[in-house]
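Copied over from TrEMBL:
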- ARG74, SER75, GLY76, ASN87, THR91, VAL92, ASP93: substrate binding site (BINDING)
- 148-158: compositional bias 'Gly residues' (COMPBIAS)
- 159-182: compositional bias 'Low complexity' (COMPBIAS)
- 25-154: domain 'dUTPase-like' (DOMAIN)
- 142-182: region 'Disordered' (REGION)
Amino acid sequence: MRVPSTHVTTHEVPVLLHRLDDALPVPGRAHPGDAGVDLHARQDVTLEPGQRALVGTGIAIALPDGYAAFTHPRSGLAARHGITIVNAPGTVDAGYRGEILINLLNTDSTEPFTVRRGDRIAQLIVQPVSVVAFTEVTALPGSDRGTSGHGGSGGFGAGAPATDETTTSGFTTRASTLTEKD
């Protein structure tokens, strides 16, 4: 049963696609309503435990201005084999015209994994992006959250790790120190 929608916000975005390998399928959705399209491996590659490799997808795209595409790991590869994308999500800017490459990583500590030509290795999601207009200020306004981050909202322990701050040439370096609780 489909969930009824009272406000549909999806629309088709025109994207030019150049197939660099005609034997590979055109990216497509596995199911109606899926956010991403599947990208396929252009070559065989075996990833040893902890190894990463750039894997071609056999496609190049031209996105309209105001859009970017993002490559995401496939949940099945991650859950079953520990395969993910190093820089997830990978960003494909509107001006990029080269082959989309996926930087795969085998996070399994003991088992190698072989990607075969034609395997689905990532998902591509196209989204509108905003152009940022930065305004430099000497201080930021306060907020309920403040500067709390990296575990500061609780869970998984007794709070954020203690830090030592060092400022050199205008840059602040924070060294985290984890301490065992009595």
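Quick reminder: no glycine exception, Cβ is built from N, Cα and C everywhere.
Feature map: TrEMBL annotations on the structure.
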residue	record	contacts (Cβ under 8 Å, 6+ apart)
ARG74	substrate binding site	ASP38, ILE83, ARG120, ILE121, ALA122, GLN123
SER75	substrate binding site	none
GLY76	substrate binding site	none
ASN87	substrate binding site	ASN103
THR91	substrate binding site	ALA68, ALA69, PHE70
VAL92	substrate binding site	ILE61, LEU63, ALA68, ALA69, PHE70, THR71, ILE100, LEU124
ASP93	substrate binding site	LEU63, ALA68
Whole-number mean pLDDT, the domain 'dUTPase-like' (25-154), equals 95
DSSP-derived structure type at GLY76 (substrate binding site), helix or strand or else coil: helix
Across the record's substrate-binding residues ARG74, SER75, GLY76, ASN87, THR91, VAL92, ASP93, the largest CA-CA distance in angstrom? 26
Could you give me three numbers for the domain 'dUTPase-like' (25-154), the DSSP helix, strand and coil residue counts? 7 helix, 46 strand, 77 coil
